[in-house]
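Peer 1: I'd like to ask some things about the structure below.
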Amino acid sequence: MASITNIIHSPIHSHRLPSFRLFPNRTAPANSLVLNRRSLASRLNSPLTENPTVSPSVELSNKAIGLLSFRKPLKSRSDVHLPVVKAAAADADGASDGLTSPSKSFGARFPALITGFYFFMWYFLNVIFNILNKKVYNYFPYPYFVSVIHLLVGVVYCLVSWAVGLPKRAPIDKELLLLLTPVSLCHALGHVMSNVSFAAVAVSFTHTIKALEPFFNAAASQFVLGHQIPFSLWLSLAPVVLGVSMASLTELSFNWTGFVSAMISNIAFTYRSIYSKKAMTGMDSTNVYAYTSIIALLFCIPPAVMIEGPQLLQHGFKDAIAKVGLQKFLSDLFWIGMFYHLYNQLAANTLERVAPLTHAVGNVLKRVFVIGFSIVVFGNRISTQTGIGTAIAIAGVAIYSLIKANLEEQKRRAAKIPSS
């Protein structure tokens, strides 16, 4: 056995050989511990498994025994303990050996908080859009052109998102284009008619009329698609019709342009839902909405040019700039388009996180928020009968949404039960 300077009488307690710093070409100092391969192997109970070819000399300084995985040196003592470093082998799931666990993301730890944030942003953006949109119409009453701006800003947003790969653009072929064309046409018609109504009457009254949309959906499902609508659903729509009728009879801002436009919007969005079901494809909803917006924009441009083009060129733009200035005018147009696109996107994201029943109730509450905030912001005077009629209509929509969501949930559960 080789001689050992400054002999240390304590045994080496480790059963494994940890990682040491090797110095193959340096002369050992006087205060170092020099072990050759044979003497070191004789002191260890287990064979060398890490690297069978060990350098003839291994230097262990009694000032610091440095592990490669630990930078902090061990203090010199009378006993030398070679610490056992447990290798954390990853299991099948990629987790560590129970010593450390990957930290969960904020969304995974607080899912309810994230869902609540989605609801808040959905309501907030929708309310801001309706208020800012109506303010623009107060000094720039051109709903066809404003509708084009809404879609144009959204299309630019989608194109930029595709350019950066968030999301990745899905390819479109002729067959899918033919399927999305009627959907986009109905989307364009419903959007333009909604804006015509917003420009003509109070925001609260337009949303009260649009509460009739479930009635048109039920009628189209039964008489166009041939689906049998339960009697309970038809019964829940009775207060909706009654409430809208009461609100319309005494609405102070009532005019036929606003009323008829909102009704056409309801019909257009109903047929959009019908054609959307027929155009179900494997493409994700974000790409489908982007293509729908692009095609709808192409449908909206011609009527805007023909109906409002001459007026805009003569005095429309000049009057708006004279009232608020060029910078504010362009800023308002941009932001109403951005808010329109974002609140629709947030609505879809919220639907992905919650059950249909929760989303249906949230959609009803959203309409209540929009009506309430619009009355407060614009100071619209409403009669007692209009207020009662609006409340009845909203309550009817809530009952309808609850019944419909429960029926759809029962269908899904029945489909999951295997047939005997």
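Every residue number used here counts from 1 along the chain in the order it is shown.
Backbone N, Cα and C define each Cβ position, glycine as well.
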Peer 1: Kindly point out the range from 196-215, 256-275 that TrEMBL annotates with transmembrane segment.
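Peer 2: Going through 196-215, 256-275 one by one, TrEMBL gives transmembrane segment for 256-275.
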Peer 1: Between the stretches 110-132, 176-193, 287-305, 388-407, which wins on the count of C-beta pairs under 8 angstroms to the transmembrane segment (256-275)?
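Peer 2: Checked against 110-132, 176-193, 287-305, 388-407; highest Cβ contact count belongs to 176-193.
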Peer 1: With the transmembrane segment (388-407) as the reference, find which of 110-132, 144-164, 176-193, 231-250, 287-305 contributes the most Cβ pairs under 8 Å.
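Peer 2: Stretch with the highest Cβ contact count: 231-250.
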Peer 1: Can the transmembrane segment (176-193) be said to touch the transmembrane segment (110-132) if we require at least 3 CB pairs below 8 Å and skip pairs under 6 apart in sequence?
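Peer 2: Checked: the transmembrane segment (176-193) vs the transmembrane segment (110-132), no contact.
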Peer 1: If we skip the immediate neighbours and take only residues 6+ beyond the ends of the transmembrane segment (144-164), which ones have a Cβ under 8 Å from one of its Cβ atoms?
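Peer 2: Residues packing against the transmembrane segment (144-164) from afar: 133, 136-137, 188, 191-192, 195-196, 199, 289-290, 293-294, 296-297, 300-301, 303-304, 307-308, 312, 316, 333-334, 336-338, 340-341, 344.
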